[in-house]
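For reference, TrEMBL has these:
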REGION    1-57  region 'Disordered'
COMPBIAS  37-57  compositional bias 'Low complexity'
TRANSMEM  95-115  transmembrane segment
TRANSMEM  135-155  transmembrane segment
TRANSMEM  167-190  transmembrane segment
TRANSMEM  196-219  transmembrane segment
TRANSMEM  231-254  transmembrane segment
């Protein structure tokens, strides 16, 4: 039997610039090009990602600014509340500080009564947080806002040039000390120092009325009026208006305090 010899397969030859180029030569050239590239270390990529500056969260930055402004506001309101009140205005920062103070005071009072039953009224059961704290907080905030409305109407009666927000900001400065006293009463209840807690709580509520009167004095000193601002009449109208508000909403507030206990 004759041995058949098959000729080797011819390579596909391409021509480039008049010269023959083998496809194996092209593959070798491509492989050589890739082999000459320096690999990028994985650690270097991680370092670059870590070093890349991340954009700050606008909400977080805003919260930090509000907290910083309020922390700056507190020492002034504690050391010299009368002068600090006269320097407030209806600016955004003062308004935010006022809202924060009103909320803290409004929630501190129900918290004191919420923890009180756990000391000596456990037999009636534990009231829910919503009924004993949240609803009274909203009622107290409404009472405080309406007290500011009364002061606004009184100063408008004497045609004083001051806005509602400015009155709220001034009132909140005097509200800082009562708020601190109300907050102190909470841990005293937890320590079962009920008498001492009641003293702090009573002083805080009493100072609330003095805060309204002091606000009127700051308005008289700094606001221009077309008519004579008679402080005696202004105080009487403010006190009477505040008592009417407390009488109307106070019953609902006390009912909300006591219902969860019985």
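Heads up, the Cβ atoms here are built off N, Cα and C, so glycines get one too.
Because TrEMBL annotations are produced automatically, they should be read as predictions rather than curated entries.
Sequence-distant residue pairs (6 or more apart) of the transmembrane segment (231-254) and the transmembrane segment (135-155) include at least 3 whose Cβ atoms are under 8 Å, placing the two stretches in contact. Within the chain, the transmembrane segment (196-219) has long-range Cβ neighbours (under 8 A, six or more residues past its boundaries) at 81-82, 85-86, 105, 109, 112, 116, 147, 151, 154-155, 160, 162, 167, 170-171, 174-175, 177-179, 181-182, 184-186, 188-189, 229, 231, 234-235, 238-239, 242.
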